[in-house]
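Enquirer: This is the structure I want to talk about, given as structure tokens.
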Amino acid sequence: MKMSSKAKAMVRMIFLVVFVGWLMIWVMLPTKLYKNTWTPTLETKLTSTYFGGQGTNLLLFSFPVMFIAAFGCAYLHFQNRSTHSNDQSKSAAASLKRPVRVMAPLGIVSALELIFAAMFVALLIWSLANYLYVSFGHLHMHKEGEKIWQAKFRSVSLRLGYIGNICWAFLFFPVTRGSSLLPLVGLTSESSIKYHIWLGHVSNILFVAHTVGFICYWAITNQMAEILEWSKTWVSNVAGVIAIVIAVPMWVTSLPHFRRKKFELFFSTHHLYLVYIIFYVLHVGDAYFCMILPGIFLFLIDRCLRFLQSRQRTRLLSARLLPCGVVELNFSKTPGLYYNPTSILFLNVPRISKLQWHPFTVSSSCNMEADQLSVVIKTQGTWSHKLYQEITSSLDHLHVSTEGPYGPNSSHFLRHECLVLVSGGSGVTPFISIIREIIFQTQMPNFRVPRVVMICAFKNSADLAMLDFLVPISGIPSKIPQIQLQIEAYITREKEQPKTETQKPLQTIWFKPSPFDSPIAATLGPNNWLWLGAIISSSFLMFLLLLGIVTRYYIYPIDHNTEQIYHFSYRALWDMFLVCVCVFIVSSAVFLWCKKQNTREGNQIQNNEIATPTTSHEAPWFSGADDRELESLPHQCLVQATKVHFGSRPDFKKILFDLKESDVGVLACGPRKMRHDVAKICASGLAPNLHFESISFTL
């Protein structure tokens with residue numbers, strides 16, 4: 001079923017209205033209008049017997065986002081899939097997506113990002129100003145013996161925590177890999193990681209200032225004992241202290257120095273977020289938990305589904321080993337699994353580490369290779385070296401678990417007249433999938449093939465073998481001559497081409513299938529988005545139902561007993577417990593149902609597989625045609641399209657400015673400095689035909 005353009009426009013308008021309304025609520029939150037008009041009116045209409053004071057917050061802050069997330073899944077399912085691969089239309093916001101600033105620590109920032117960042121900062125400033133305006137107007141109600149300036153100092157410290165909570169409301173959306181909210185606005189979890197980093201820095205600065213402010217206030221007023229108070233009727237101070245004690249190490253180890261040089265320390269420390277969330281919610285209470293509930297709710301659904309998917313073993317078919325220490329892993333996949341180029345697959349090899357998960361760019365084309373999925377791994381770190389050793393140790397089978405793939409919702413790069421792919425080292429891997437996709441699209445009717453200029457920078461000539469992955473093991477590589485492909489390869493550490501005798505042959509290792517392994521499939525099957533929407537809506541409704549029951553028949557009787565009052569922190573515990581229960585029950589039930597369908601399809605694939613040789617060898621294409629017993633046409637075309645430059649680096653400014661096409665897409669993947677240099681050229685405004693995009697997890 002396909003959606004018409006009018007239906008798409010209508011759905012987008014509904015989403016926009018709901019989202020703008022949600023933002024307006026955040027804008028009005030710190031004002032007197034919200035406190036004096038909206039809240040009392042809504043609380044009288046929402047039965048407090050069933051939801052207490054949470055009813056208003058659930059309606060205003062939680063429901064709009066959950067609505068967009070659930071119906072967004074249906075929209076993504078029904079939208080025309082043909083537009084994914086052949087979208088020739090030029091986006092109206094293309095100029096806004098062009099980088100305008102390349103600076104530390106923000107990295108590459110587009111005009112659109114700059115506008116939204118300025119709007120978000122304005123929201124924070126507006127909220128803080130209104131909070132202080134309202135609170136300063138009630139200073140006549142300050143504590144006995146407290147001076148006016150002390151009351152103002154306490155009020156500022158408290159409101160900084162409120163502003164930090166606004167950051168938390170958005171914090172988890174960028175790292176929810178399977179959420180519909182990201183593809184709805186054209187984002188991926190990979191490209192939006194930087195927003196999570198920005199929000200994390202801002203929220204931690206505000207929370208540290210909030211904590212330090214209250215410690216100073218207690219010290220000034222001789223109330224240091226308050227730091228250990230766990231109030232029954234109000235917020236828990238000691239829970240807030242525990243939360244900030246956990247948050248600071250997480251924050252420090254996430255800084256670039258630790259994240260790049262001590263990744264395992266960052267990885268381990270960052271998983272304290274589970275404990276952090278618990279004490280944070282115990283500190284802020286159930287009312288403010290409703291404001292951050294959508295992000296946490298969607299993140300928990302995503303995390304639960306990822307956990308269930310990762311428990312399965314994936315069928316590894318073969319591994320191609322290159323002389324430069326690079327390996328291509330080829331997995332079996334179900335034909336119903338659809339993904340776009342530059343998608344990301346997370347791998348776990350229990351034989352190396354049961355806890356470590358590493359992301360790798362998918363190098364295969366979903367359309368060209370219907371039953372296989374490939375990733376390319378360069379041996380650069382400890383984990384990848386161990387993996388290379390395991391594969392070359394004569395294993396006949398290797399246990400691997402996967403998550404994903406996650407990626408863009410459309411092949412937007414195909415709309416350009418010319419495509420420039422700039423890579424450094426292993427950064428060439430995402431472009432392999434792009435070129436394979438273009439090769440496939442050449443057989444589509446009325447498809448305008450973009451001219452492709454590939455600029456690769458390698459340290460040694462042995463790394464040139466990575467270009468051999470442009471030709472898949474199976475598929476339709478004979479279509480290579482039909483694309484306009486120009487490869488400029490730069491070898492930076494060698495002055496001349498080495499002797500061909502020193503080149504090692506390529507080696508292909510085939511693994512034996514195991515009955516316990518299954519092909520990679522969409523987490524919830526071919527109708528992944530529909531099932532995800534069902535999980536979001538049904539689990540949220542179940543949460544509301546159970547919360548209403550608990551409030552009406554357990555909390556409400558205690559609150560209305562003249563001798564008792566229900567504990568403030570226990571309300572937050574009930575919220576967290578019910579959210580986890582609902583998410584786990586619904587996600588597990590739907591996942592197990594879909595798993596049965598995937599298992600049937602996987603068994604059919606396994607029955608159709610035939611025995612393959614254990615190993616095979618071939619010479620790399622760049623060593624010359626004489627080294628092969630039979631030189632294929634695709635490899636001849638690659639050799640003819642490639643020009644190798646020894647002892648030099650690419651002059652990006654000259655290459656990019658010499659392009660005459662009116663619409664040039666520039667994709668960069670590789671070292672940070674290289675991406676920033678290319679982005680600066682595109683941001684200079686000297687070549688308005690350049691449209692830049694960075695492919696990286698880092699800023």
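Glycine is treated like the rest: Cβ placed from N, Cα and C.
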Enquirer: According to TrEMBL, transmembrane segment applies to one of these ranges: 162-185, 666-689. Which one is it?
Expert: 162-185
Enquirer: I need to check the long-range neighbours of the transmembrane segment (162-185): which residues 6 or more away from its ends have a CB within less than 8 Å of a CB in the stretch?
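Expert: Same-chain contacts beyond the ends: 15, 26, 30, 61, 65, 68-69, 72-73, 75-76, 123-124, 127-128, 131, 192-196, 199-200, 202-203, 206-207, 210, 280, 284, 288, 291-292, 294-296, 298-299, 301-302, 305-306, 403-404, 406, 408-409, 523, 529, 532-533.
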Enquirer: What else in the chain is close to the transmembrane segment (273-301), if you only count residues 6 or more beyond its ends and a Cβ gap under 8 Å?
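Expert: Distal contacts: 53-54, 57-58, 61-62, 65-66, 69, 161, 165-166, 168-173, 175-176, 178-179, 181, 235-237, 239-240, 242-243, 246-247, 250, 532, 535-536, 539-540, 543, 568-569, 571-576, 579-580, 583, 587.
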Enquirer: Counting only pairs 6 or more apart in sequence, are there at least 3 Cβ pairs under 8 Å between the transmembrane segment (58-78) and the transmembrane segment (529-551)?
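Expert: Yes, the transmembrane segment (58-78) and the transmembrane segment (529-551) are in contact.
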Enquirer: Using Cβ atoms and a strict cutoff of less than 8 Å, what residues sit near the transmembrane segment (99-126) while being 6 or more residues removed from its termini?
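Expert: Non-local partners: 23, 26-27, 30, 93, 163, 166-167, 194, 198, 202, 256, 675-676, 679-680, 682-683, 692, 694, 698-699.
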Enquirer: Could you break down the residues of the domain 'FAD-binding FR-type' (309-412) into DSSP helix, strand and coil, giving a count for each?
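Expert: Secondary-structure breakdown of the domain 'FAD-binding FR-type' (309-412): 13 helix, 40 strand, 51 coil.
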